[in-house]
Amino acid sequence: MADAITAKTPEIVTTGQMRRQMLKEFWFYFSENRGAVIGLFVFIALVVVAVLAPVIAPHSPFEQYRDAVLRPPVWAEGGSWSFLLGTDPVGRDILSRLIYGAQYSLFIGLFVTTLSLLGGILVGLIAGYYRGWIDTVIMRLMDIILAFPSLLLALVLVAILGPSLTNGMIAIALTLQPHFVRLTRAAVMEEKTKDYVTAARIAGAGPIRLMFRTILPNCTGPLIVQATLSFSNAILDAAALGFLGMGAQPPAPEWGTMLAEAREFILRAWWVVTFPGLAILITVLAINLMGDGLRDALDPKLKRS
Amino acid sequence: MALLQIDNLTVEFETATGWFRAVDGVSITVEKGEVLAIVGESGSGKSVSMLAVMGLLPWTAKITADRMLFEGKDFQKLSPADRRKLIGKDIAMIFQEPVASLNPCFTVGFQIEEVLRIHLGLDRQARRARAIELFKLVGLPDPAERLNSFPHQMSGGQCQRVMIAIAIACDPKLLIADEPTTALDVTIQKQILDLIMDLQTRTGMGLIMITHDMGVVAETADRVVVQYKGRKMEEADVLSLFENPQSNYTKALLAALPENATGDRLTTVSAFFDGNPDQPSGVNA
Amino acid sequence: MFGLLLRRLAVLIPTFLGVSIIAFSFIRLLPGDPVMLLSGERVMSPERHAQISAQLGMDRPMVIQYFDYLGGVLTGDFGSSIVSKKPILDQFWALFPATVELSICAMIIAVALGIPAGVIAAMKRGSIFDQGLMGIALVGYSMPIFWWGLLLIILFSGTLQWFPVSGRISLMFYFPQVTGFMLIDSLLSGQKGAFSSAISHLALPSIVLATIPLAVIARQTRSAMLEVLSEDYVRTARAKGLSPFRVVGVHALRNAMIPVITTIGLQIGVMLAGAILTETIFSWPGIGKWMVDSVFRRDYPVIQGGLLLIAAIIMTVNLIVDLMYGLINPRIRH
């Protein structure tokens, strides 16, 4: 009648196997989202372009061709094949500048995101773990930073520190930090009450080990999603600073700075304005698409079983 | 003419892995004033068939039936607007989670008066008076004050009383109760059940009681339909079902009741399927 | 409700003090001598330096200076601009209405288009409409808005000549400012063509400023709506035989609006940041442009005062949004 229950020895799964399994599962959900995959490919293409810039770019981004000022792109009247996307007001090839600009943008995104991620996680861990007055002070500080619109704050900080790309990046990283702090803090507070943390603490784990090895790995999902958001915001904000003249300084081929130089020529030479902005748009779009896909794949609440 | 007649109802859902058949060729009939219990475990499709009648299934559902008649009216031929005139008025349904089933942003007074306005066209004073009357009927204390409460301020039992009040507001001919007491405390369960049966006796409305609890079946039903995995296993009047069950599945359900346990272990339903739950032995149409 | 207000204020006041401390220390953090920076004089003799120093109270302890500053702020004295020599608060109030007018128009566009778009996308989930709308929204908030503004200028002002490029109203018109809102003032002036000129000047900047909030609101509304539509109480509403319009428009929308209102409130901060860029591109004489110009001109008292004022405005708006949230969500109220 009733079938006998045979005792089965549980399969032993190594950490490596588990990681591979998680990766496979992650890719399954991520790849379901076509936009996310397209975003990923575009992003990879951008990285390749940035890395291979010295090889792919037809000209140097700084070389000024005095006799080819404000040339239109190759398909318009007056364009030529040596300047595929035309030239800017001082005769520099736009395509080459765009290609080198990819280096700037990706570096900016990476630098800013890493800075605000590391800083934010550290501060958030401390605030969420220790609570008490340290938590209150930190959260008030974050509220203060969030009380300002991010661009304004970055602008003022750059005014203090002096207009340059580095200062701009530091300023932007500072404005993006509170998001990571809040996320980490909320996650830490939630995880802290869970049994596995108590178990680790009873087993003798000290606070640092608890914070980094026990709790943090379980908060990575939302952090990764926020990181992609910060990446794209960093690129947009840095370009905005460059546009206002407070970021990367000319003659740097940063896309925002290129737009600043082109501003007075918008009605005469549309290509000087269109292409750098398009580059920004495509980059940010790709990252946001990836971010959407990451969110669908990593956020357990949204997972469809 | 039967109050509700469903012949050969099939409901399928489109899922990522193909079509899932939640209800498979089920036929159900309810006469005027009759209490029918639909009993089965989770996943048996007992709620889905009733949700299909009420038109509450998501758009991913495919509903096919030979006949779906309510008081002789063919539901499959009715326009959505005409169907909405019957739903909530002549057929009403109450659900399992009473607090979640009420809109948290509106007072319960608003939510009951809404039905009175739209289906019965009562003016403000008449609505308020009738609402208070209904709240009294379902046993809510201080009915006039209750009208201004929000669902999160009330207990589960009270919210279920409100749901019942909303359901009977327009004197329905048929009330469908989908596991109305499952989410409530044991002591409240009996009160709510008694309330529902009392209302049924008084108004003479038809009642379909969906439940997984054989005890509830014994206390309330005239006739019983047993469902398993979307199929009807057995149908009988309540006394015959308990004394002389025909289907093996019904026998398994009855044997699994704690009070029927013999020896040290409780009998499980799966024990009767010889390890093959998809193909139960002794299927009754 | 009152309790909610008090609780929020209790948090807000220390935050505001913190902001004022930061604004105060701002000048002291700058490279260079604060006295020279504040007075704007590049070259000073030692006597002049001492004179200005005493005048500004720089010789006193830092804490006293801070409380002096704070006292001034609370009575409305934010100092004077180096460039224009006028009181900062006056300058602020003169320019603030322009930014407010622009922001309100942009917010109206964003909400009027964004919420319906999100609702329809949620109701027709998975359809072409849904995917197309959300695709457009994604492009919308990936867009660098200073570029978007320039593009629109090229298209509408340059090629099509439909809209003007800069300013709030054509230079042909002059009338005294009553409210500071060009739309209202132009109507009040009674001059022919003034109102339509004001509107046509407002058109492009509002569209540009509205773009990102529009995209965010549409996406947020859609996801909030999707969540709400799968709730039990929506099923109950349908079970009552209510029409789809009522189910979505009354029962679902009210609940879906709760997170969306929060988003709308947050967008105000985004708008002020966006206003900086939009105002710069369209030469719109508002707060954003004022701040950018001040940074360029090294008008440090203005930067300091403007920072404080803008932060105060944002905190006030957030407070109002919080209270409105309490109104809509009964659970918070009690």
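Every residue, even glycine, has its Cβ placed from backbone N, Cα and C.
Predicted automatically and left uncurated, TrEMBL annotations should be read as such.
Marked as domain 'ABC transmembrane type-1' by TrEMBL: C:96-325. The transmembrane segment annotation in TrEMBL covers C:9-30, C:92-121, C:133-156, C:198-218, C:256-282, C:302-328.
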Q: Using a Cβ-Cβ cut-off of under 8 Å, list the residues of the same chain that are 6+ residues beyond the ends of the transmembrane segment (C:198-218) and lie near it.
A: 101-103, 105-107, 109-111, 113-115, 117-118, 121, 133-134, 136-141, 143, 145, 148-149, 152-153, 156-157, 162-164, 167-170, 182-183, 186, 260, 263-264, 267, 270-271, 274-275, 278-279, 281-282, 284
Q) Same chain, outside the transmembrane segment (C:133-156) by at least 6, Cβ under 8 Å from its Cβ: which residues? A) 117, 120-121, 162-163, 165, 204-205, 207-209, 211-212, 214-216, 218-219, 222, 274, 277-278, 280-282
Q.
Given a Cβ distance threshold of under 8 angstroms, which distant residues of the chain, six or more beyond its ends, lie next to the transmembrane segment (C:92-121)?
A. 78, 129-130, 133-134, 137, 168, 179-183, 202, 205-207, 209-210, 213-222, 224-225, 248, 253, 256, 260, 264, 267-268, 271-272, 275, 278-279, 284-288, 290, 305-306, 309
Q: Take the transmembrane segment (C:256-282) and find every residue of the same chain, 6 or more past its ends, with a Cβ under 8 Å from one of its Cβ atoms.
A: 98-99, 102-103, 106-107, 110-111, 115, 118-119, 145-146, 149-150, 153, 165-167, 204-205, 208-209, 212-213, 216-217, 220-221, 224-225, 227-228, 288-289, 291-292, 310, 313-314, 317-318, 320-322, 324-325, 328-329
